[in-house]
Amino acid sequence: SRAIKTNQDLLRETPWTHIFYNDFWGTLLTHSGSHKSYRPLCTLSFRLNHAIGGLNPWSYHLVNVLLHAAVTGLFTSFSKILLGDGCWTFMAGLMFASHPIHTEAVAGIVGRADVGASLFFLLSLLCYIKHCSTRGYSARTWGWFLGTGLCAGCSMLWKEQGVTVLAVSAVYDVFVFHRLKMKQLLPAIYKRKNLSLFLSISLLTFWGTSLLGARFYWMGNKPPSFSNSDNPAADSDSLLARALTFFYLPTKNLWLLLCPDTLSFDWSMDAVPLLKTVCDWRNLHTVAFYTGLLLLAYYSLKSPRLEREHNGRAVTNGKQNANGHSCHSDVEYRNSELKPSFASKVENGIKNSVSQTTQLPSTENIVVLSLSLLIIPFLPATNLFFYVGFVIAERVLYIPSMGFCLLITVGARALYVKVQKRFLKSLIFYATATLIVFYGLKTVIRNGDWQNEEMLYRSGIKVNPAKAWGNLGNVLKSQSKISEAESAYRNALYYRSNMADMLYNLGLLLQENSRFAEALHYYKLAIGSRPTLASAYLNTGIILMNQGKTEEARRTFLKCSEIPDENLKDPHAHKSSVTSCLYNLGKLYHEQGHYEEALTVYKEAIQKMPRQFAPQSLYNMMGEAYMRMSKLPEAEHWYMESLRSKTDHIPAHLTYGKLLALTGRKSEAEKFFLKAIELDPTKGNCYMHYGQFLLEEARLLEAAEMAKKAAELDSTEFDVVFNAAHMLRQASLNEEAEKYYDLAARLRPNYPAALMNLGAILHLNGRLQKAEANYLRALQLKPDDVITQSNLRKLWNIMEKQGLKTSNT
């Protein structure tokens with residue numbers, strides 16, 4: 001919702017340059033409550049979608065799928081450079097295309113940030129590979145390097161982790177293109193022949209540092225702050241718990257890549273319980289993970305056992321390496337393109353008599369690059385450099401999954417080459433193919449969860465019950481399943497009782513179903529959990545105002561208006577609630593006849609209202625206040641402002657029509673009344689106002705027709721029915737008037753004015769005893785009412801003359 005539905009940066013009237021100053025959610029980057037997620041290219045793509053198709057989700061999903069297809073194509077091309085032509089490259093591409101971990105990034109619209117970043121990530125890496133292969137050969141090599149830098153910048157502007165492609169490029173250059181081992185790094189730096197490598201790595205470092213520095217400066221030189229529920233480990237007071245949990249989380253993420261059996265739309269809160277002691281059995285997973293990772297890296301980076309120098313090239317006993325290619329020097333290397341050689345038929349898993357155009361990297365080289373692709377893009381999510389706003393996020397694994405897919409494929413290929421028996425080779429090949437099929441089936445099933453919100457939130461209950469039940473409650477409420485929604489909210493609060501949003505949502509549900517006492521209770525709890533929750537103050541004030549507790553309502557609205565928006569996740573929503581509080585406070589003053597105070601509050605509301613706030617009602621009330629103060633030019637100005645901000649705002653048509661009638665512009669006034677009826681022919685209030693206008697114009701029969709229409713449409717609205725009865729009485733249609741006075745009295749049986757007027761019309765219509773009963777009831781409620789007393793005396797006189805018994809005899 002915040003990224004697209006309520007994001008003002010997507011609207012045509014918002015200058016497109018705002019995208020480059022606001023975060024992903026439309027909040028100013030330098031604001032203390034900003035998420036600091038600077039993804040302007042992704043937001044720009046949303047804006048283009050919005051310009052073409054509005055909020056129709058079809059086009060948004062189409063773009064996501066097309067981007068995923070493009071990334072899959074680029075990843076397959078990249079795999080071909082490492083694995084050569086053949087089925088293993090195809091398998092790597094298929095595994096990436098079908099991996100279930102990608103479902104959130106592709107099926108979830110906001111996941112486009114990860115998919116778009118991946119697109120430019122791969123473009124940058126492919127440009128750098130071209131730079132390496134043309135270095136020393138052609139002047140175009142620096143054009144490829146420029147492409148590397150530009151695409152890396154674009155990748156970062158899609159999502160922050162895109163900048164890590166520069167580090168992956170450096171790993172490719174050192175460990176794949178130049179085939180260095182760990183012991184050879186330092187000697188290689190001091191050799192003159194390595195100046196080109198040193199220059200490229202230095203430029204990558206400089207550009208990466210510049211991008212990160214600019215990024216940090218642009219977001220105000222401050223890291224974001226997150227709530228406890230977003231990342232509980234970061235908020236833990238225990239250093240041990242933080243360390244053990246943060247070390248464990250990469251293990252959990254790898255397991256999601258390897259076995260994506262349990263997936264969820266949200267892994268925050270207690271989805272992954274904290275590891276608080278060293279005795280927690282999950283620490284064994286952590287130890288196993290890091291041990292395996294270190295061993296894999298060690299064996300991939302260690303130097304060959306036997307090595308001799310021959311014409312500047314190292315060979316291992318004159319034999320081919322494990323991939324069936326001649327080993328090139330690990331000490332010295334070429335700055336030019338690699339010379340062609342024949343690829344092993346077995347290595348690629350196919351019978352291929354066609355020679356390769358370039359020599360393929362060794363298995364060890366690919367493992368190193370795969371590990372870098374798996375680890376380096378994931379580093380920003382590890383809480384190593386700064387705390388992040390999530391525990392686990394499946395979409396964050398979109399880029400690291402490239403390394404995972406390569407690692408699985410190259411491992412399967414290495415086993416395929418190593419075993420001699422045809423049966424074992426077939427077993428390895430078909431086992432890998434089966435894994436891909438299983439991944440594809442899981443993706444199909446997971447896509448079913450993303451078909452609609454209800455299915456998505458139900459699927460997440462076993463992972464994050466508090467968040468899933470809460471969101472499910474919102475969905476059920478929108479479907480008018482009130483009792484089910486209430487149960488969902490209460491389930492959410494069972495798992496996490498201090499969730500301010502859930503307490504507020506439950507309060508709102510109860511308020512909308514006229515359970516005001518319970519609603520006030522939950523609003524109070526929500527405010528206790530989050531004292532800055534302005535919307536809870538707003539609804540509390542509205543309930544108190546409707547209950548006649550005006551002083552409590554006034555204090556509540558004032559307290560809300562004083563809450564600052566610092567460090568709030570959604571400052572726009574907060575400002576909207578504060579503006580609404582001031583609007584309702586102004587209405588309260590207005591109803592009490594304090595028009596000057598009302599105007600002061602309305603002006604403050606105008607100053608504080610955010611861009612997305614709909615101001616038409618506020619402007620209309622400004623006009624009403626000026627109207628009551630007989631400042632007609634000012635009133636007309638604000639009525640016109642209200643109509644300018646929303647041309648179909650019905651209350652402004654009615655109030656402006658009344659002003660025009662008052663100032664003698666009768667024909668214009670009638671047009672506004674008729675326009676209001678045209679805008680909503682089912683609204684009785686429109687007919688009532690037009691009827692009053694007609695009554696003042698002495699068009700009594702027309703006024704009577706409007707009165708009856710109004711009362712028929714809004715038969716449960718006291719004001720409409722009561723005023724309709726008045727107009728019918730003034731039009732001398734006493735029988736009709738009696739009908740609606742009687743209805744008004746039934747709507748408010750304890751309202752003295754309704755009973756007195758019903759008595760009066762019964763009096764006129766000759767129903768004397770019923771008239772007496774209503775007069776007496778009105779006097780019980782308001783004994784000092786002079787008009788009712790006078791009418792009752794007149795009635796008794798008539799009844800005595802007719803010989804009827806009265807209550808005073």
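Glycine residues also receive a Cβ, built from the backbone N, Cα and C atoms like all the rest.
Bear in mind that the values here come from a model prediction, so they are computed numbers and not experimental data.
Look at TrEMBL and you will find 105-129 (among others) tagged as transmembrane segment.
Residues or ranges marked as transmembrane segment in TrEMBL: 141-158 (among others). With a threshold of 8 Å between CB atoms, the same-chain residues lying at least 6 positions outside the transmembrane segment (141-158) that come near it are 38-42, 113, 116-121, 123-125, 127-128, 130-131, 134-135, 165-166, 169, 200, 203-204, 207-208, 211, 215.
Positions annotated as transmembrane segment by TrEMBL: 164-182 (among others). Note on the transmembrane segment (164-182): residues 82, 121, 124-125, 128-129, 132-133, 148, 151-152, 155, 188, 197, 200-201, 204-205, 207-208, 211, 301-304, 328-330, 333, 361-362, 365-366, 368-369, 372-373, 376-377, 379-380, 399 of its chain, located 6 or more positions outside it, place their CB under 8 angstroms from a CB of the stretch.
Same-chain residues lying 6 or more positions outside the transmembrane segment (194-218) and placing a CB less than 8 Å from one of its CB atoms are 29, 38, 131-132, 135-136, 145, 148-149, 152-153, 156, 160, 163, 166-167, 169-170, 173-174, 178, 188, 335. Among the features that TrEMBL reports, transmembrane segment is placed at 194-218 (among others).
What TrEMBL records for 221-293 is domain 'DUF1736'.
Taken from TrEMBL, the feature transmembrane segment applies to 284-301 (among others).
According to TrEMBL, the feature transmembrane segment maps to 366-390 (among others). Residues 35, 82-83, 121, 160-161, 164-165, 167-168, 171-172, 175-176, 223-224, 226, 230-231, 233-234, 246, 249-250, 253, 267-268, 293, 296-297, 300-301, 396-397, 399-400, 402-404, 406-407, 410-411 of the same chain lie 6 or more positions beyond the ends of the transmembrane segment (366-390) yet place their CB under 8 Å from a CB of it.
The transmembrane segment annotation in TrEMBL covers 396-416 (among others). Residues 75, 78-79, 82-83, 88, 91-92, 95-96, 99, 101-102, 105, 111, 114-115, 117-118, 121-122, 161-162, 164, 253-254, 256-258, 322, 346-349, 363, 366-367, 369-375, 377-378, 381, 390, 425, 428-429, 431-432, 435 of the same chain lie 6+ residues outside the transmembrane segment (396-416) yet bring a C-beta within less than 8 angstroms of a C-beta in it.
Under the heading transmembrane segment, TrEMBL lists 423-441 (among others).
In the repeat 'TPR' (466-499), the DSSP tally of helix, strand and coil residues is 27 helix, 0 strand, 7 coil. Residues annotated as repeat 'TPR' in TrEMBL: 466-499 (among others).
Positions annotated as repeat 'TPR' by TrEMBL: 500-533 (among others). Long-range Cβ contacts of the repeat 'TPR' (500-533) within its own chain (Cβ-Cβ under 8 Å, at least 6 residues beyond either end) map to 466, 470, 473-474, 477, 482, 485-486, 489-490, 492-493, 539-540, 543-544, 546-547, 563, 568, 574.
Residues of the same chain lying 6 or more positions beyond the ends of the repeat 'TPR' (534-567) and with a Cβ under 8 Å from any Cβ of it are 31-33, 225, 500, 503-504, 507-508, 511, 516, 519-520, 523-524, 526-527, 573-575, 577-578, 580-582, 584-585, 588, 592, 604, 608. According to TrEMBL, the feature repeat 'TPR' maps to 534-567 (among others).
TrEMBL lists 579-612 (among others) with the feature repeat 'TPR'. DSSP places the residues of the repeat 'TPR' (579-612) in helix, strand and coil in these numbers: 27 helix, 0 strand, 7 coil.
Among the features that TrEMBL reports, repeat 'TPR' is placed at 650-683 (among others). Secondary structure counts, DSSP: the repeat 'TPR' (650-683) has 27 helix, 0 strand, 7 coil.
Long-range Cβ contacts of the repeat 'TPR' (752-785) within its own chain (Cβ-Cβ under 8 Å, at least 6 residues beyond either end) map to 718, 722, 725-726, 729, 734-735, 737-738, 741-742, 744-745, 791-792, 794-796, 798-799, 802, 804, 806-807. The repeat 'TPR' annotation in TrEMBL covers 752-785 (among others).
Sequence-distant contacts of the repeat 'TPR' (579-612) (same chain, six or more residues past either end, CB-CB distance under 8 Å): 6, 8, 14, 534, 537-538, 541-542, 545, 550, 553-554, 557-558, 560-561, 571-572, 618, 621-622, 624-626, 628-629. Summarised as a single figure, the pLDDT of the repeat 'TPR' (650-683) averages 93.
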